[in-house]
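One structure is given below, encoded as structure tokens.
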Amino acid sequence: MKLKQRVVLLAILLVIFIFTKVFLIDNLDTSAANREDQRAFHRMMASLHVELDPRLDHTLQSPWEIAAQWVVPREVYPEETPELGAVMHAMTTKKIIKADVGYKGTQLKALLILEGGQKVVFKPKRYARDYIVEGEPYAGYDRHNAEVAAFHLDRILGFRRAPLVVGRFVNLRTEIKPVATEQLLGTFMTVGNNTCFYGKCYYCRETEPACADGDIMEGSVTLWLPDVWPLQKHRHPWGRTYREGKLARWEYDESYCDAVKKTSPYDSGPRLLDIIDTAIFDYLIGNADRHHYESFQDDEGASMLILLDNAKSFGNPALDERSILAPLYQCCIIRVSTWNRLNYLKNGVLKSALKTAMSHDPISPVLSDPHLDALDQRLLSILATVKQCTDQFGPDVVLVEDRMTLSHL
């Protein structure tokens, strides 16, 4: 064979090799990743219903020790949590040994210490399940049931970035007042036959107390993250100004995401994709109030965006605030695993899954049917938004493989 023919043959073989590598092997890798996403979805669906059971098998550790060991830089709790029911049972039944005003913030809450030394944040019931919060999407008091629903949605989406939340009934007269600090006790009052308190916070007013039904108050308790994982607060790049007539840059600048991609920690690593995951999460629950967010300290952008304070959600099922999705439709990127999970949840699966996940909770039913229906409708809007992005830029640009080293520059 002549030299020229050999060169041509080698060139053909090289082209075949490259074709095989790019279109066969890479596709096999993608298929394997998609199959794992599907298996993870089925595992989640199989473990949706969590019985609140005090039994802890195969361990001598307390529920609080177990929950503390779950926390790692990229998740608050693991995918497989056979002890979840026991931890949540402890959250809703363990004796309250101290009660104080809540940590600083705009909304009423109480900080409780449960037997064994575990901190939890208690948010009281302010609205009936079918109450519609009118006005701006961030209007109204915190919704305790929204915290419960948001936690279970976090499980269903496979993010595992929200602290554990469960509903709890407390007797303000016998469980709270005897162990309350003077600061909290000074905010208690009686309105009619009901025990009430107004706490200490930016918007807390004596004229706007939270009231129990007699002495029994419904609320939610959120598990405090371990002190060995201190939090760092960040301004959300898509935060609102909360000032009438003054728009944030993202609200008028079509190229805003390009600017975000050039700033740390959004120029590399997982943080921008976390922002987009969170936008999807917040759009589903109707939360337009994430002006700041928390991560773990000294993480250099590597840890997750922690889904804290989700109580400004599920206020109005008829209001779909599309601006919450701005990070998604302005950046037009999304994790492949998130995209796959959203597709698995369409055709009514999301509503059914969330209803099942919340059915065990002490304050069930957690959400009214209109809110559950709204979730399925909002999911369709998210899928349509991603399709618009893929139609414009192509799936190879929009769908970002989780296992890729991400650089936005």
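Quick reminder: no glycine exception, Cβ is built from N, Cα and C everywhere.
Per TrEMBL, ATP binding site is recorded for GLN107, LYS123, THR222, LEU223, TRP224, LEU225, GLU294, ASP309. The Mn(2+) binding site annotation in TrEMBL covers ASP142, ASP309. The feature domain 'FAM20 C-terminal' is assigned by TrEMBL to 188-397. Residues or ranges marked as active site in TrEMBL: ASP289.
Looking only at other Cβ atoms within 10 Å, the busiest spot among the binding-site residues GLN107, THR222 turns out to be THR222. Ranking the recorded positions ASP142, ASP289, GLU294 by other CB atoms within 10 A of the CB puts GLU294 at the bottom. For ASP142 (Mn(2+) binding site), the binding-site residues whose C-alpha atoms fall inside a 10 Å radius of its own C-alpha are GLN107, LYS123, out of GLN107, LYS123, THR222, LEU223, TRP224, GLU294. Residue environment of LEU225 (ATP binding site) contains 20 other Cβ atoms, counted within 10 Å of its Cβ in all protein chains. Looking at ASP309 (ATP binding site) and ASP289 (active site), their Cα atoms lie 9 Å from each other. Cβ neighbours within 10 Å of LEU223 (ATP binding site), excluding its own Cβ and spanning all shown chains: 25.
Under 8 Å, Cβ to Cβ, and six or more positions away along its own chain, LYS123 (ATP binding site) finds GLN107, LEU108, LYS109, ASP142, HIS144, GLU147, GLY219, SER220, THR222, ALA311. Cβ contacts within 10 Å of TRP224 (ATP binding site), excluding its own Cβ and spanning all protein chains shown: 20.
Taking every pair among GLN107, LYS123, THR222, LEU223, TRP224, LEU225, GLU294, ASP309, the residues recorded as binding ATP, the greatest CA to CA distance is 19 Å.
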